[in-house]
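Participant: This is the structure, below, for whatever I ask next.
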Amino acid sequence: MKNPIIDNIPCVLLAGGKSSRFTINNIQINKALMPLKSYSSLLEYQYTRLLKLFKQVIISAKKSYELNAPYLLEKESGLFSPLFGIHNAFLTLQTPYIFFIPIDAPLVSFESIKALCGIENFSVVYAKSPTKEHYLISLWHKSTLNALNYTLKTQNYRLSDLVKNTSSVAIHFNQEEEFLNLNTLKDYELAVQILKKRANG
């Protein structure tokens, strides 16, 4: 077993979302609990996978799940914004840098994550694929704390506004596929196919 490669930056898995577009037969499903590969849930898949790269992986969620893992609980029960999870992570973990990744981005390669974690001197280092910015697949520095405080106070939950008002940098990646977000059942089915294809060769 290789030693985890990144031991100076914790990884926070953002799992406090609403899954509002993830429906099966018009019933809203919590996508964190959808099975993936041989794992009982997307949550378990992501947590187990990221532990191969990071020494410390913590799940940010509204409530803890059955999965035995460290959790950061978001106290704002009725409000859904990843900014609460990011803000809470900095207040709790007290580390200069934290890498964030959403639970519903299971295809991001370790190479891409390492590239993002290898760049310092910016408040936010985020991934950009050919068609969009991925502000939540990103390395954040604690210098964003004041901006986060202000954003939450003024209730402007637009992530892009916050990131663009900090010293941020986009790292460009050519692969669209690895940044697939599992927003819908269709996205989930596509990810299952991609993972199958990867396993076969």
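Just so you know, glycine gets a Cβ as well, placed from its N, Cα and C.
Okay, so Swiss-Prot annotates it like this:
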BINDING   LEU14, ALA15, GLY16, LYS31, ASP104  GTP binding site
BINDING   ASP104  Mg(2+) binding site
Participant: Per DSSP, to which secondary structure element type does LYS31 (GTP binding site) belong, with helix, strand and coil as the options?
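Facilitator: The three-state answer is helix.
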Participant: Out of LEU14, ALA15, which of the binding-site residues is least crowded by other Cβ atoms within 10 Å?
Facilitator: LEU14
Participant: Enumerate same-chain residues with a sequence separation of six or more from ASP104 (GTP binding site) and a Cβ-Cβ distance below 8 A; give 'none' if the list is empty.
Facilitator: GLY17, LYS31, LEU42, ASN181, LEU182, ASN183, ASP187
